[in-house]
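Swiss-Prot lists SER335, SER336 with the feature phosphoserine. What Swiss-Prot lists as phosphothreonine is THR338. Per Swiss-Prot, region 'Disordered' is recorded for 326-347. Annotation source Swiss-Prot lists transmembrane segment at 34-59, 72-92, 105-129, 150-172, 189-214, 247-267, 280-301, citing sequence analysis.
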Amino acid sequence: MEGCRETEVTNGSNGGLEFNPMKEYMILSSGQQIAVAVLCTLMGLLSALENMAVLYIILSSRRLRRKPSYLFISSLAGADFLASVIFACNFVIFHVFHGVDSNAIFLLKIGSVTMTFTASVGSLLLTAVDRYLCLCYPPTYKALVTRGRALVALCVMWVLSALISYLPLMGWTCCPSPCSELFPLIPNDYLLGWLLFIAILFSGIIYTYGYVLWKAHRHVATLAEHQDRQVPGIARMRLDVRLAKTLGLVLAVLLICWFPALALMGHSLVTTLSDQVKEAFAFCSMLCLVNSMVNPIIYALRSGEIRSAAQHCLIGWKKYLQGLGPEGKEEGPRSSVTETEADVKTT
């Protein structure tokens, strides 16, 4: 793609004909536009509702919102909620309705999409680190991961995500650098830098969860040596198998949802893309929306404490609607440890 081109909302004139360079990126056929509109609308709505429900459950529970683990999960839900709304709306407006904005507005939109997805991956990394500390340092976990430190980590992560994502809006555009084959006004060197940053985040997630699984395996092996006659084999392997299933699911979802789009972004840096590849990238991009839709199930709905808080909320709303007031019973049994800590203790 050639260098800087003017894409202001007021189209230029070339021999009396309207000229809009943005149309070079609007390559979907009518059938593909319908598919994109339907898929983005349905997945965006479902993902937004799921993540909004998780946010409400955590923030409405005084017990949950005080725990660092659930602060990280609420950050993930917030990022995925914003990603669902911002990405779905802007993606449909651009590819289906061919909406064209001024350079600044367009860069603001694409920066917002980038920020929400970057913050989502950053929240996944903080959640992975939290689980690592919880499993590997259970006696000192509460002293290491306080609510204040969790909030500081989240603030740093969100500020860094915003700073990196809005660099094009602050002037890092393809003028005169070569423009990306996939994103208008975005230079290839910025795209390369963002890909490297995301690769670092994913490497941190994979390494952290891999180390957690290895540590759990050693923990189970140690128990087996000291309690071979007292602890049945199935019970000894319970933590190992449970963590392996959970971490396998986490990594499989990340790989399926993110790798196709990231691979095509990297491919665009070294070669010229055909329209067919660009069309494939448009649909691969929607897999990131699938990730935002699946995250609440993996990280929130599988948590016993969140399910208990959700049940309490439903009981409260039911009584409220029946005219009995919002007061209900106390939230489920109080626990001073997170789900991961409980797994370690039962093993």
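One-based numbering along the chain as shown.
Heads up, the Cβ atoms here are built off N, Cα and C, so glycines get one too.
For the transmembrane segment (150-172), same-chain residues at least 6 beyond its ends with a Cβ under 8 Å from one of its own Cβ atoms are 68, 71-72, 75, 104, 107-108, 110-112, 114-115, 118-119, 122-123, 126, 130, 185-187, 190, 194, 197. The transmembrane segment (280-301) makes contact with the transmembrane segment (72-92): 3 or more of their CB pairs lie within 8 A, with pairs spaced 6 or more apart in sequence.
For the transmembrane segment (189-214), the list of distant contacts is 114, 118, 121-122, 124-125, 128-129, 131-132, 135-136, 164, 167-168, 172, 177, 180, 182-183, 240, 243-244, 247, 250-251, 254, 258, 262, 265-266, 268-269: same-chain residues at least six beyond its ends, Cβ to Cβ under 8 Å.
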